[in-house]
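Notes for the one structure printed next.
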Amino acid sequence: MLAACGSEPAPAPVAVEPGPVPETAPEATAPAPGTVVAAPDAQARAQAAMKDFAERLRGRLREAMTRDGAPAAVDFCHLEAPRIAEQVMAEHGVRLGRVAVPGRNRNPGNVAEGWLQELAVSFQAAVDTGGAPEAQVAVLREDVPPGIELRMARGIRVEAACLMCHGDNIAPEIAARLAEHYPGDRATGFKEGDLRGLIWAEVPANPGTTP
Ligand code: HEC
C-alpha cells in the first residue's frame, strides 16, 4: 500500500548492514543542520521521507477526487505530484520520487533508470513468483556514488482505487485528460495486486544538502 510505505517491517532488504538502530526505526525527525548523522539514521530518514511522500500524495489525491471528481484529479496529479515531491525533498533533505515498472510509465520523467531499473526488474521477478509488491524493499549502502550515503526503494502495489486511472476500463472523460497530458501513456492495463512501480529515496552523505 502506498500509505504504508515505510511503516511495516522491511521483509528482505538487500545489503543492509547490521546496526544498533532497528530497521524499522519509527518516525525520524530531520536532524538539526550541522549535526553529524551516524549511518543507521540515514535509513530512518529515507523511510520517513518515503512515508511522508506516499501519505501526502494519497491524501491530496483523495481530496482532489472528492472535491473536483476523477477527471479533474488527473490534472491535479499532473501538476501536484512533482510539487509534493519537491516539498518533501526540501523538508527531509533527501531526494525521492516514483518510477514505473519497466515499459509501463505515464510521465516520461518516471522511467526507472540505473539502480532503479535494476531493482524494478528484480522486484517484478519476485512479484511474478508470488511476492507482494509492497513487501519488496531494498536498502543500498555499498556501490552508491560519492556524496550519497544510502539509497532505498520499495514496491508500490496497485489497489482497487488506482484502477480508474491505471486499469483496463478507463472512463472516457479520464482517458481524454490522460491523452491530453500524456500522449505516450503506458500506465494503463494494471490489475489489482500488480507491481505498479517503486517509490525511492536517496540520502546525501552530508546532511542538509541534496546530492
Ligand atoms: C485520478 C487519476 C489517478 C489515480 C486514481 C491514480 N493515479 Fe497514479 N498517476 C496518475 C497520473 C496523472 C500520473 C502521472 C503523474 C506525473 O505526471 O508525475 C500518475 C503516476 C503514477 C506513478 C508514477 C509512475 C508513472 O507511470 O508516471 C505511480 C507509481 C502511480 N501513479 C501509482 C498509483 C497508485 C498506486 C494509485 C492508487 C493508490 C494511483 N496511482 C492512482 C493518475 C492517477
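Heads up, residue numbers simply count up from 1 along the chain you see.
Placed from the backbone N, Cα and C atoms, the Cβ positions cover glycine too.
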Pick from 1-31, 32-62, 125-155: which range does TrEMBL record as region 'Disordered'?
1-31
Segment confidence, the domain 'Tll0287-like' (54-204), expressed as mean pLDDT:
96
